[in-house]
């Protein structure tokens, strides 16, 4: 819910929130309307409250909302907004969770705030004696014996337009150990039913008992899994004798790359090395298997023990989307993709959360800039 008495500000904030993926934005023109709206529609995930309003002020509105939460057993995050930073202390004392400097807050910061409010965007799944341990600069996915398994998968599926180009980048150090299977890429597993989906699709690298594979998993008809060993990579074997003459050591931190167009075209899997991208294998469309459900794939790390005591260091993961008609929320690594982008960044723990980087369409960006400037000028005049 957005509580804002100045209509131009409300318009800007409503558009900014929708760019951040908030599909159900309710606006209240003053504190009294906010209380009534909360009574009818509440509770809300996040409530943005302007501190300077006619009638019931922002601080009073925050207190009333907190009282309503107490009476109804609700939990809402309340973000206070004002052009005057000195009002932050009174807002926080009244019960606001956070303070946002009105009009000076970039859209990407609003997105980051919403992402952090919603909580971690990666989910951990363990079985047996497996562990997911948060280290200083990575997540350590550990297995100790037969049957141990640990999965680290993004909780938020990110839809994209069919035909949109995606670049998935995953940084990790794999263990070249017998007795373990390690997978990383953009894929999911029907047996886990994470996000409530019982399907298996995607593209990933797999280290199976010391042998590297490029893999594709398909749930549509004809379904199945294609698994290509490193010796059969069709672009570069990455063994020192391929076209790049580069020999991959997967036990050192490596950035793995998967490039594809949603439901269309070829898919390339490779790594970043020697200051460039070295593509190792390409999957081309084939009548032997159906189209991969690639418009909404999660980022995923997985390790299974078949006897080994070992671990995977998951450092970071991101997805950049461009091309086609922008739709929904899209992850990015800051490459200027259109629409709303999200990526893993150093400002939070890698892999554990997503921080926003907005790369707006130039026309939309110009409109937002003009509206913001008009609001700022008018606020100063007021």
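Quick reminder: no glycine exception, Cβ is built from N, Cα and C everywhere.
Straight from TrEMBL, the features:
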{"type": "DOMAIN", "residues": "1-117", "note": "domain 'Response regulatory'"}
{"type": "MOD_RES", "residues": "50", "note": "4-aspartylphosphate"}
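Around the Cβ of residue 50 (4-aspartylphosphate), the number of neighbouring Cβ atoms within 10 Å comes to 25. According to DSSP, the domain 'Response regulatory' (1-117) comprises 60 helix, 19 strand, 38 coil.
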